[in-house]
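Enquirer: Supplied in structure tokens, the structure appears directly below.
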Amino acid sequence: MAVTPYVDTSRLDGKVALVTGSGRGIGAAMAIHLANRGAKVVVNYANSVEAANKVVDEIKSRGGEAIALQADVGEVSQTTKLMDDAVAHFGQLDIVCSNSGVVSFGHLKDVTEEEYDRVFRINTRGQFFVAREAYKHLSVGGRIIMMGSITGQAKGVPKHAVYSASKGAIETFVRCMAIDCGDKKITVNAVAPGGIKTDMYHAVCKEYIPNGENLTDEEVDEYAKTWSPMDRVGQPMDIAKVVGFLASEDGEWINGKVIGIDGAACM
């Protein structure tokens, strides 16, 4: 009786992945993790070329292949060029992770038109057109993975209407886009992180804590870890591992879904 050889379907060997906003934080963790799984990676950045190059260097130090490409995904023409350049460099594109985003807090009475537009330009409009261009450039059977937020699903957060709404729209995007992308067998999903300890973590986290502005960074950590029964704060790699799964063959039958990743946190 012939034995079927084992194939590690979690691997991404032969695939090319592009991660927007991957010079730092969750995006950097995604890029590094996808490379660790075998993918060649395009590290996108808007302004921080030094940070992006550090991610590329780390990937290469582990034996992977990566390139840093600049583009502001708030400008559709730059998004199109980013995808064109990725395909020109690596010859194909199989995975697009739409990670770029901005955060915003402000009471309803204080939110300006400029602030509203700034947030939706990247978090919502930007992600929509990243997905559009991904559809055009991805190989058959590709993956689009978008970035939501637990605030798009959770109870109301004070002074967070604009940001939460900009992320809530992503949930509708993935449900509809998954149908549109079916003709190319492309899956479309999103991850919705809770609080994740990135370089912006302490400043942002204080906004979720009553009187948080008076807490030290250590006190913020102690408070925030109580949100999860796991008694710890989320890390960028917690998100990257789920993205790696969705990007792999193992995640093929997950489509049109938003996966909350918050350690069962209750803010």
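Each residue's number is its place along the chain shown, starting with 1.
Note that Cβ sites are derived from N, Cα and C of the backbone, with glycine treated the same way.
Pulled these from Swiss-Prot:
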BINDING   I26, D72, N99, R132, Y163, K167, I196, T198  NADP(+) binding site
ACT_SITE  S149  active site, proton donor
ACT_SITE  Y163  active site, proton acceptor
ACT_SITE  K167  active site, lowers pKa of active site Tyr
Enquirer: Pick from I26, I196: which of these binding-site residues has the biggest number of other Cβ atoms within 10 Å of its Cβ?
Expert: I26
Enquirer: Is I196 (NADP(+) binding site) helix, strand or coil when read with DSSP?
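Expert: Assignment for I196 (NADP(+) binding site) reads strand.
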Enquirer: Could you measure between I26 (NADP(+) binding site) and the residue listed as 'active site, proton donor' for me? Cα positions, answer in whole angstrom.
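Expert: Distance (Cα to Cα, whole Å): 12 Å.
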Enquirer: Let me check the 10 A CB neighbour count of D72 (NADP(+) binding site). How many other CB atoms are there?
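Expert: So the number of other Cβ atoms within 10 Å of D72 (NADP(+) binding site) is 19.
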Enquirer: By a simple count, how many Cβ atoms lie within 10 Å of the Cβ of T198 (NADP(+) binding site), its own Cβ left out?
Expert: 19
Enquirer: At the level of the C-alpha atoms, what whole-angstrom distance separates D72 (NADP(+) binding site) and S149 (active site, proton donor)?
Expert: 21
Enquirer: Going by a 10 angstroms cut-off between Cβ atoms, which of the recorded positions S149, Y163, K167 has the sparsest surroundings?
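Expert: Lowest Cβ count within 10 Å among the recorded positions (S149, Y163, K167) is Y163.
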Enquirer: Using C-alpha atoms only, work out the spacing between the residue listed as 'active site, proton donor' and T198 (NADP(+) binding site) and round it to an integer in Å.
Expert: 15
Enquirer: Among I26, D72, N99, R132, Y163, K167, I196, T198, the annotated NADP(+) contacts, find the widest CA pair distance and round it to a whole Å.
Expert: 28
Enquirer: Starting from the Cβ of R132 (NADP(+) binding site), draw a 10 Å sphere and report how many other Cβ atoms land inside it.
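Expert: R132 (NADP(+) binding site): 17 neighbouring Cβ atoms within 10 Å.
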Enquirer: For N99 (NADP(+) binding site), what is the tally of other C-beta atoms lying within 10 angstroms of its C-beta?
Expert: 27
Enquirer: In terms of DSSP three-state secondary structure, what is the assignment for D72 (NADP(+) binding site)?
Expert: coil
